Amino acid sequence: MDLYMIVLLSLCGLLRAQETTDTISLDNCCEDGKKRGLESQDCSSLPLISESTTCRVVQEQCCSAVLEDSICTSGINMAKDQSSCDALLSGSSTCETKTTKMCCECCLLGSSRCRIRVSPVSSVCRWSISRGPGVRSCCVDKQPAHGVQPSKGDAQNTEDQCRAAGCAQRCLNGTCSCLDGFKLKTDGKHCEDINECLLGPHHCVTGERCINTLGSYRCQREISCGTGYELTDNNKCKDIDECDLGTHNCAAEMECQNTAGSFRCRPRMQCAAGFIQDALGSCIDINECVSVTALSRGQMCFNTVGSFICQRHSVTCGRGYHLNAEGTRCVDIDECAGPDNSCDGHGCINLVGSYRCECRTGFIFNSISRSCEDIDECRNYPGRLCAHKCENILGSYKCSCTAGFKLADDGRNCDDVNECESSPCSQGCANVYGSYQSYCRRGYQLSDADGITCEDIDECALPTGGHICSYRCHNTPGSFHCTCPASGYTLAANGRSCQDIDECLTGTHSCSESESCFNIQGGFRCLSFDCPANYRRSGDTRPRVDRADIIRCVKSCQHNDISCVLNPILSHSHTAISLPTFREFNKPEEIVFLRSPTPTHLPHMDSPEIVYDILEGNIQNSFDIIKRLDHGMIVGVVKQVRPLVGPVRTVLKLAMNYVTNGVVSHRNIINVRIYVSEFWF
């Protein structure tokens, strides 16, 4: 059964259930869908030719059927032309490509059934066979017409020609051709995509941009639809119905009306007579008295809710007048008549419609309140009446002085008071203009409580007290004094710093004659430097060792001692340093410098490279060694990179390696005895 008839019959139930007055038949709907499918239009967004939902479904199904037949026919033609589906758009995974390949492979199965008479393949290619007689014809076309059997040699010859041609897509009698949307390359075998956008055979209209695809193209809109519109699947702009979607902002008493690209809010109700509608749709009263002009003489307009009324005008007298006895006119009021007049004890003068008060000294008449008011002399004449403070009183003013002054005999100026005559301060007093200042002797400060009592300054407790004395600070009344550790230090001449006692220099050490005295901060150490076997001491034996002294043991081999000669260590050096416990360790401290001249560049050998290393004694990884060049010298710099809190003792074993071509030719060992004091000074 034809696919289009299947579509029409499957929709019969829907037709019976749907009442419509549409005059367009389902055949017309299907024919329109088939036409648009032949034009390769998008079947999911076809222009409607009827308001009927059934017609729209028939359009889409008939359009899809035409597209599917076209896609399947391409696969069947490839199978017939090339007897192979391998070259079908290799690597593509689109739905169209999969359908084309499936129909191609099912056609090959149908052809094989005819040649080798295998079991029917209808169960395997059921969907492809339902596409029409195309797949079934793959077997039928192989049968000879009118009962004449084709020559086996002719069929074999055609198949051999296509196999030898090596066509990429289609082959007919050894001649290659391409699918729709492709063209044959100059080699006559392979196919390349046709760029419809570049060559011009596309259907994109003005405002759409053509985008080339493999074997086809698509049209994309270039300009957005703008506010109030949305882009549909068929690349068209459609008005957004804000009223239907509920995206409008109309108030509850307003009704939303959709317009092209926008919407309007219209009032739901009409206002009664005497009312007008505001911007929010509410009915508000009209004040008719603002616009009414046809009033009779002697009448007044009074606005009411939704209307207005007219009343006869009555006689009203202004301020300072009252109605006469007849009630026909206004006459003056004598405000000064009687003992209780309006001037409240001041002189009163009656005027027509008013009055005026004759005020006493220190008062002024207020024409608005019609009364005598006190004159504030202090505010009217600031700084001109009193030297310090001015206080207004009823009808006059008086002067006063600030603290530290007393009023002069003239009642306006102020004289300074000498407060020091009463000895208010505990130590010293200095009179100043209008006050006094207490001061204290050195080592004392004024109390924050009263500002006159002198209190002892605890210099040791001040924020900088930790820096006043090197070791310990002891407060005394009005002063302080510093002390140093019980041994190893003495107080300097400034009375604050602690100086180390050099026991080695003063001879107060206890080292034997075979030992060397080394002074450290706060003490001394007796050091004994012994050279290892096959090494001898270089230089004289010293009774004391300074920081810069280095005791060296150089290699001295016995005759024919091969192991000694081959030993790469040329020397063992000893030195000692004393370090404080750094109070503020903010950056690495350079403590030891190992200097060596730059190796001489000999013409017959490579110059060795000096490499420094820490072998032992690097407690807590507190030390590091780097190499740098300084004035033609290679310097190994030992740095303290982490703080150490004394007392700490360690022996830092350093190696100075001479490396030539990656091999250590010889090395020098340096033993540095490090003593870290528990104090920072």
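Quick reminder: no glycine exception, Cβ is built from N, Cα and C everywhere.
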(request) If you have Swiss-Prot open, could you say which of C469, C484 makes the disulfide with C482? (result) C469
(request) Could you pull the disulfide partner of C390 out of C378, C401, going by Swiss-Prot? (result) C378
(request) With reference to Swiss-Prot, specify which of the listed residues C43, C85, C95 is paired with C63 by a disulfide. (result) C43
(request) With reference to Swiss-Prot, specify which of the listed residues C301, C330 is paired with C317 by a disulfide. (result) C330
(request) Round to a whole number and give the Cα-to-Cα distance in Å for the pair C390 (disulfide bond) and C401 (disulfide bond). (result) 9
(message) Given the disulfide-bonded residues C162, C283, C372, C401, tell me which ones have a C-alpha lying within 10 Å of the C-alpha of N173 (N-linked glycosylation site).
(response) C162
(message) For the domain 'EGF-like 8' (456-499), give me same-chain residues lying six or more residues beyond its boundaries with a C-beta closer than 8 angstroms to one of its C-beta atoms, as numbers and ranges.
(response) 441-445, 521-523, 679, 681
(message) Considering every residue in the domain 'Anaphylatoxin-like 2' (68-107), what is the mean pLDDT value?
(response) 71
(request) Using C289 (disulfide bond) as the reference point, find which of the disulfide-bonded residues C162, C283, C348, C414, C553 has the shortest Cα-to-Cα distance to it. (result) C283
(message) Near C359 (disulfide bond) in space, meaning Cα within 10 angstroms, which of the disulfide-bonded residues do we find among C43, C63, C348?
(response) C348
(message) Using a 10 Å radius around its CB, how many other CB atoms surround C484 (disulfide bond)?
(response) 22
